[in-house]
Amino acid sequence: MEHFNKALTALFSMVLLAPLLMATDPDPLQDFCVADLSGTPSVNGHPCLPPSSAGDEFLFSTRIASGGDPLANPNGSNVTELDVSEWPGVNTLGVSMNRVDFAPGGTNPPHIHPRATEVGLVTHGELLVGIIGSLDSGNRYYSKVVRAGETFVIPRGLMHFQFNVGKEAAAMVVSFNSQNPGIIFVPLTLFGSSPPIPTPVLVKALRVDAEVVDLLKSKFTGGY
């Protein structure tokens, strides 16, 4: 009993001290820290370029002023990324953006951003935006057709997609509260991982025959 009481006391002490032990300052400690992309990233981002060599263009970008060809891949969509690797000025600021262009019938397939909440603005066209809740919500499916000038929000870590339901091309601009939000494409992750997930695992998980799994794997060899 004495050992139990000592362990319990130690546990409570750890809980009470945890906020102090884990206290950090997540905010930038200088006006800016333009990323030195040749350096080794740390937990908080890339090392900083010396201010004297950063110039003054790091606060501006024209990268998403125009988009790529949405017919260049089978999904019928093209993502133009504007994260820290493309815009070194956002290093340590905790923000980034993407532009996504859609052909008619094109989709940004089901995916997850593990490190960021997403806010989007449809700039033209109309997109079906679908969001799938976690098991806590009973895997509820939320959806709406979002039109030009309208916005949507995707909570961090929830699976979602966009699909062009209009007869014309569509586009959206999205922002993230992370300089590197990350992305996990669900079909590619399941069927195009390297090395591949063993077929018997997917057969059991998806409740289909091995032939179906092998067919799906063949569709995702080499990525999107």
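Going from the start of the chain as shown, residues are counted 1 onward.
Quick reminder: no glycine exception, Cβ is built from N, Cα and C everywhere.
If you check TrEMBL, you get these features:
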{"type": "BINDING", "residues": "ASN98, ASN108, HIS113, GLU118", "note": "oxalate binding site"}
{"type": "BINDING", "residues": "HIS111, HIS113, GLU118, HIS160", "note": "Mn(2+) binding site"}
{"type": "DISULFID", "residues": "CYS33-CYS48", "note": "disulfide bond"}
{"type": "DOMAIN", "residues": "63-214", "note": "domain 'Cupin type-1'"}
{"type": "SIGNAL", "residues": "1-23", "note": "signal peptide"}
Residues close to oxalate site centre defined by ASN98, ASN108, HIS113, GLU118, Cβ within 8 Å: VAL79, VAL100, HIS111, GLY120, ILE154, HIS160, VAL174, PHE176, PRO181, ILE183
Go through HIS111, HIS113, HIS160, our binding-site residues, and report the one whose Cβ sees the most other Cβ atoms within 10 Å. HIS113
All-chain count of other Cβ atoms within 10 Å of ASN98 (oxalate binding site): 22
Since the record lists CYS33, CYS48 as disulfide-bonded residues, which of them has the fewest other Cβ atoms within 10 Å of its Cβ? CYS48
CA-CA, which of the recorded positions CYS33, CYS48, HIS160 lies nearest HIS113 (oxalate binding site)? HIS160
Counting across all protein chains, other CB atoms within 10 angstroms of the CB of ASN108 (oxalate binding site) number 25
